[in-house]
Amino acid sequence: MNNPRSVNSSASPANLDLVENQRQSSSGEFSRIEKRNGATKITFHSKSMPRGCNDKKYDLFRTMSGKLERQISNLRGKPIDTSLQDKEITESLTAERFLEALQGPELETLKEMEKIVLPEDKTWPFLLRFPVTSFGMCLGVSSQAIMWKTLATTKAEKFLHLTQVVNHVLWWISLVLLVSFSITYLFKTIFFFEAVRREFKHPIRVNFFFAPLISVLFLALGIPHSITSSLPSILWYFFIAPILLLEMKIYGQWMSGGQRRLSKVANPTNHLSIVGNFAGALLGASLGLKEGPMFFFSVGLAYYLVLFVTLYQRLPTNETLPKELHPVFFLFVAAPAVASMAWTTISASFDIGSRIAYFISLFLYFSLVVRINFFRGFKFSLAWWAYTFPMTAVATATIKYSGEVNGLATQILAVLMSGAATLTVIGVLVLTVVHAFVKRDLFPNDFAIAISAEQPKQKKWLKQLINGSLENSTRGLKVLDPEDTRIDIEAPPLSNAVCHTV
């Protein structure tokens, strides 16, 4: 009566294998169990556990822990088959893959049919949520330090009776921000190098790698006189060298074609690389150098003209940018404003070249400001800090212009634009504090770095409909290759799973 054979006589070997495969699906890994049934080789696939149920998936982005875990498991005689997981991570992501998988103002929102390789319903480690766009805050504050220093030292603005106290405070704040953010991102590079690598391949995030380098130049330009009146010129070479190397990489991709050519990946954040050239030329000329600043000014001018025409004509998509991208239009203003100040320092006068660049930035500035409805109804992002420094840059250029063309109109214009830039920074600062301490969503899960390397597959019912297998009793059977004797069986999800499969 208690014969086990009689109990299990109705269960076929294939069904037993399916039950065993279901138990293995709780591990959350893509496992393969190969068994032979006569002359036919059958391969069983188990569904992965729902995202968020397996914390070990963070190991895929860790620099060393994932490799060490696999090595230890192999030494214990329990080899782990991670070929599918490794493929999701190590396979190179192209710019086109980011463009087709993401949407939003900075390509940070996952499209509906896409999947990610990290848990979606859990809060990720802080380092994985800390984006390179955070350095935009350093740009905003350090540029304010330069503006207040210029206000306090320009003769035309002496009627304001300003001291360099504000410049001193802002400079130290920007220094602390830059050091703390750099250390944080350094830890991210050490522990989650794959996340940094994916940000560098991101068509928009890659431009923000210029942000900490430009912030260093801004700190050198805005250093208070109470600390030092002049810096040694040798420092300029150390500051400009990483910018040159990064530009050679980015500009080379623009020229060499492929998926990262300029007409494919052009976006307003590309102006950050151009600003790096002009800011480097401005600092070098202020330190008394001649040829080096002229070289970087020439390179910046050439690529600004190409980028300006490309973006102005919407060559990548020929479509109107969404309202979430409206703040980035101010990046059009930054490059000519910094170029105006750079050429003023190089030529030692606010001559016709400086005025042409300044008037271009001034026209672009007012053409954006007068459109009130242009800046309504879009979501706050930490990258907004990178869009505050263009307003500060054109305000600083206006202060320089008022010192050259002294008059009541230019003085009023300098004060108004400086006030607008300061209010903008204060407003973005308030929003940052609200999202950081009240809403606590300043650093959400960064889906942009966790996209799958492959396009999402078709739904199972659609595949079955195409293959004409809806009426087949073995719906899970699917022949991969007509010439291959292997058959894939996909196990159904566990009935008692807590999380739902995405």
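Each Cβ is built from the backbone N, Cα and C atoms, and glycine gets one as well.
Lifted from TrEMBL, the feature list:
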- 1-13: compositional bias 'Polar residues' (COMPBIAS)
- 1-34: region 'Disordered' (REGION)
- 126-148: transmembrane segment (TRANSMEM)
- 168-187: transmembrane segment (TRANSMEM)
- 208-228: transmembrane segment (TRANSMEM)
- 234-251: transmembrane segment (TRANSMEM)
- 272-289: transmembrane segment (TRANSMEM)
- 295-313: transmembrane segment (TRANSMEM)
- 325-346: transmembrane segment (TRANSMEM)
- 352-370: transmembrane segment (TRANSMEM)
- 382-401: transmembrane segment (TRANSMEM)
- 413-438: transmembrane segment (TRANSMEM)
**Request:** Report the listed stretch (234-251, 352-370, 382-401, 413-438) having the maximum count of Cβ pairs within less than 8 Å of the transmembrane segment (295-313).
**Result:** 234-251
**Request:** Quickly jot the same-chain residues contacting the transmembrane segment (382-401) by Cβ under 8 Å, restricted to those at least six beyond its ends, or write none.
**Result:** 105-106, 131, 133-140, 142-144, 146-147, 150-151, 154, 156-157, 208, 211, 218, 269, 272, 275, 327-328, 330-334, 337-338, 340-341, 344, 350, 355, 358, 361-362, 365, 410, 413-414, 417-418, 420-421, 424-425, 428, 431-432, 442-443
**Prompt:** Near the transmembrane segment (413-438), which same-chain residues lie under 8 Å Cβ to Cβ, leaving out any that are not at least 6 residues past its ends?
**Reply:** 137, 140-141, 144, 147, 151, 156-157, 160, 365, 369, 380, 382, 384-385, 388, 391-392, 394-395, 398-399, 401-402
**Request:** Sort out for me which stretch, of 208-228, 234-251, 352-370, has the most Cβ pairs below 8 angstroms to the transmembrane segment (126-148).
**Result:** 208-228
